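Beneath this line is the structure, given in structure tokens, with notes to follow.
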Amino acid sequence: GCDASVLLDDTSNFTGEKTAGPNSGSIRGFDVIDTIKTQVESSCAGIVSCADILAVAARDSVVKLGGPSWTVLLGRRDSTTASLSAANSNLPGPTSSLSALISSFSNKGLTAREMVALSGSHTIGQARCTTFRTRLYNEANINASFATTVKANCPQSGGDNNLSPLDITSPTSFDNAYYKNLQIQKGLLHSDQVLFNGGSTDSIVNTYSSNSATFSTDFANAMVKMGNLSPLTGTNGQIRKNCRKTN
């Protein structure tokens, strides 16, 4: 749900979601959220939730990198708890199959097309060697020169936390290069390349690769829909003073 549960730090009597398999070492930038929260609190204390800050920061960072904008619905409140088990079972991992990705998103009311659109967020960001090493050294549907380039930073053993860009073409621009990479087998993660591997989503990848406007529109709409997943509103939850811990 869109309730900022992921921001809660572990304590002696509470285990949050930061150490879940799909999150551990992969989600970064918590310090950025802390900085935003501090500044927002000094301007208007107790008004803006961490969940809303996350939703707005996601939109603004996409815009800053040349991507589309969208209207962020506001008024979410923050959870007072988190679930390690739910994070482990609900978040798709980097080795997910196409069917697993489709069902994972379907479980949250998102279509296969919306899943492919949201995967386009991998046009920015980086992944750890440990999440794609198996693909690099064991999978056949990978561009040979691309594999050689990435192997230089991701040896067969060691260097687990070495980072490589998810989109090798334009790693800091929010564009549709991610899909063009998939068409030539330059998807970094197994869960990226399965979107274009002779399956049911190939046609969607082709559409987004050839029409960046369609991708932008679909991505923006899917982000709004994802931001509406089980938000806490009204008197539910709280507005945390510190995004890392409950009040």
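Residue numbers in this text run from 1 along the chain shown.
The backbone N, Cα and C atoms fix where each Cβ goes, and this holds for glycine too.
Keep in mind that what you see is a predicted model, and the values were worked out from it rather than measured.
Look at TrEMBL and you will find Gly1, Asp3, Ser5, Glu17 tagged as Ca(2+) 1 binding site. What TrEMBL lists as substrate binding site is Pro92. Here TrEMBL flags His122 as heme b binding site. For Thr123, Asp167, Asp175, the entry in TrEMBL reads Ca(2+) 2 binding site. Feature annotation from TrEMBL assigns disulfide bond to Cys50-Cys243, Cys129-Cys154. According to TrEMBL, the domain 'Plant heme peroxidase family profile' annotation covers 1-247.
What TrEMBL annotates, mapped onto the structure for a quick look.
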| residue | record | Cβ contacts under 8 Å, 6 or more apart |
| --- | --- | --- |
| Gly1 | Ca(2+) 1 binding site | Ser79, Leu229, Ser230, Pro231, Leu232 |
| Asp3 | Ca(2+) 1 binding site | Ala51, Arg76, Arg77, Asp78, Ser79, Ser230, Pro231, Leu232, Gly237 |
| Ser5 | Ca(2+) 1 binding site | Gly16, Glu17, Ser79, Thr81, Ala82, Ser83 |
| Cys50 | disulfide bond | Ala4, Leu7, Ile33, Lys37, Asp78, Ile239, Arg240, Cys243 |
| Pro92 | substrate binding site | Pro22, Ala100, Leu101, Ser104, Phe105, Ser191 |
| Thr123 | Ca(2+) 2 binding site | Gly67, Leu166, Asp167, Ser170, Ser173, Phe174, Asp175, Asn176, Ala177, Tyr178 |
| Cys129 | disulfide bond | Asn153, Cys154, Pro155, Gly159, Asp160, Asn161, Asn162, Leu163, Ser164 |
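Take the mean position of the Cβ atoms of Thr123, Asp167, Asp175, the recorded Ca(2+) 2 site; other residues of that chain with a Cβ within 8 Å of it are Gly120, His122, Ile124, Thr169, Ser170, Pro171, Ser173, Phe174, Asn176, Ala177, Tyr178. In this structure, of the recorded positions Cys154, Asp175, the smallest number of CB atoms within 10 A of the CB marks Asp175. Mean pLDDT, taken over the domain 'Plant heme peroxidase family profile' (1-247), works out to 97 on the 0 to 100 scale.
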